[in-house]
Amino acid sequence: MQRFIKWLAVITSLDLLIVLLGGALVTKTGSGQGCGKSWPLCNGEFVPSNLSMETIIELSHRLTSGSAGILVTLLCILSWKYYKHVRETKTLAILSFVFLVAQALMGAAAVVWGQMPAVLAIHFGISLISFASVILLTCLIFEIDQKFDARSLIMDKKMKFHIYGVTIYCYLVVYTGALVRHERASLACPDFPLCSKNRPMPTQLHEWVQMGHRVAAMLIFAWILYAMILAIRHYKQQPVVYWGWIISFILVTLQAIVGILVVFTNASLAMALLHSLFISCLFAVLCYLVMLGTRSKVNAKEAASTSKQTK
């Protein structure tokens, strides 16, 4: 059974990643109304008779979301039953399921009540939490923490501050990026790093949205760079923290490069999808570090208790 659960966890993680990228594809191609204002049916039909490209993209996104719902539900039930001895399993199972349901409801709301940029941005943010929760659940199932000896990990307050702070801030940056996409502001500023050669400062809403996201992205790049330097200097003996920050910096660098290329490739589809891919992976890695941070507090208490008993 455990072998089956491992395969299920991998397939579920991939399915949720496809859902995230599918949502970006729907937005990029303007396929949000490919099934009209009908949900869960498509144009009022179970199998739509008129299959335009927009309809195919939107319908495919709904089907992958539906399959993800089934897989996540099954994974939550089985992990709860067979891995309940692991402290975070129940919490992650609940988060995975609750945010998947919330994601589906937000998607339905976007279809029925209109493609409001704020609603669509929230839809992506909720999807990201569901994806990260399933990734963490998968890590627990594969016992990644044991391979890195994470159970003995103890971090100082400074490192935990950076982990929690960067993760929360990353989530806020995600919303600024989602707002850029849903406000159709990806090409509002044709140059980089300034908005335009003729007028470096933004002058209208779409330019402010674009430049606000750029400033937020630059700050998270600098913050992750600083945290990585701290990890390299002080956590070489803790490979999970050491490599966690290095991987985070690689991902945020790739994210930045792709973000710049979005501007210079006229917001090509490939760049837009890669932009969504890298931020999804970055957020998942940061969430894993958060989980390690919560464990560190427990490990520190246990170590202190053991030290008192030996004395």
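Heads up, the Cβ atoms here are built off N, Cα and C, so glycines get one too.
Listed in sequence order, Val26, Ser31, Gly32, Gln33, Gly34, Cys35, Cys42 are the same-chain residues six or more apart from Glu58 (active site) with CB atoms under 8 A from its CB. According to Swiss-Prot, the active site annotation covers Glu58.
Listed in sequence order, the residues of the same chain lying 6 or more apart from His61 (heme o binding site) and placing their CB within less than 8 Å of its CB are Val19, Gly22, Gly23, Leu25, Val26, Ser31. Secondary structure at His61 (heme o binding site), taken from DSSP and collapsed to helix, strand or coil, is helix. Swiss-Prot lists His61, His123 with the feature heme o binding site, giving sequence analysis as the kind of evidence.
In the three-state DSSP scheme, His213 (heme b binding site) is classed as helix. Summarising the annotation, Swiss-Prot assigns heme b binding site to His213, His275.
Counting residue by residue with DSSP, the topological domain 'Cytoplasmic' (1-6) contains 5 helix, 0 strand, 1 coil. What Swiss-Prot lists as topological domain 'Cytoplasmic' is 1-6 (among others).
Same-chain residues lying 6 or more positions outside the topological domain 'Extracellular' (28-62) and placing a CB less than 8 Å from one of its CB atoms are 19, 22, 107-108, 110-112, 115, 120, 181, 267, 269, 272-273. Taken from Swiss-Prot, the feature topological domain 'Extracellular' covers 28-62 (among others).
Away from its own ends, the topological domain 'Cytoplasmic' (84-91) comes close to residues 136-137, 140, 291, 294-295, 298 of its chain (Cβ-Cβ under 8 Å, at least six residues beyond either end). According to Swiss-Prot, the feature topological domain 'Cytoplasmic' maps to 84-91 (among others), an assignment based on sequence analysis.
The topological domain 'Extracellular' annotation in Swiss-Prot covers 113-121 (among others), and the record cites sequence analysis as its basis. For the topological domain 'Extracellular' (113-121), the mean pLDDT of the prediction comes to 69.
Taken from Swiss-Prot, the feature topological domain 'Cytoplasmic' applies to 143-159 (among others).
The topological domain 'Extracellular' annotation in Swiss-Prot covers 181-211 (among others) and is backed by sequence analysis.
According to Swiss-Prot, the topological domain 'Cytoplasmic' annotation covers 233-243 (among others), on the basis of sequence analysis.
Here Swiss-Prot flags 265-271 (among others) as topological domain 'Extracellular', drawing on sequence analysis. Taking H, G and I as helix, E and B as strand and the rest as coil, DSSP gives the topological domain 'Extracellular' (265-271) the counts 3 helix, 0 strand, 4 coil.
Taken from Swiss-Prot, the feature topological domain 'Cytoplasmic' covers 293-311 (among others), and the record attributes it to sequence analysis.
What Swiss-Prot lists as transmembrane segment is 7-27 (among others), and the listing cites sequence analysis.
The transmembrane segment annotation in Swiss-Prot covers 63-83 (among others) and is backed by sequence analysis.
The transmembrane segment annotation in Swiss-Prot covers 92-112 (among others). Within the chain, the transmembrane segment (92-112) has long-range Cβ neighbours (under 8 A, six or more residues past its boundaries) at 23, 32-33, 35, 37-40, 62, 65, 68-69, 72-73, 75-76, 79-80, 119-120, 122-123, 126-127, 129-130, 133-134, 136-137, 140.
Per Swiss-Prot, the feature transmembrane segment maps to 122-142 (among others).
Sequence-distant contacts of the topological domain 'Extracellular' (181-211) (same chain, six or more residues past either end, CB-CB distance under 8 Å): 24, 27-28, 115, 117-118, 120-121, 218, 260, 262-264, 266-267, 272. Ranking 7-27, 122-142, 160-180, 272-292 by CB pairs under 8 A with the transmembrane segment (244-264) puts 272-292 at the top. Around the Cβ of His123 (heme o binding site), the number of neighbouring Cβ atoms within 10 Å comes to 24. It is 17 Å from the Cα atom of His275 (heme b binding site) to that of His123 (heme o binding site). Taking the Cβ of His213 (heme b binding site) as reference, residues of its chain lying under 8 Å away and at least six apart in sequence are, in sequence order, Val173, Thr176, Gly177, Leu179, Val180.
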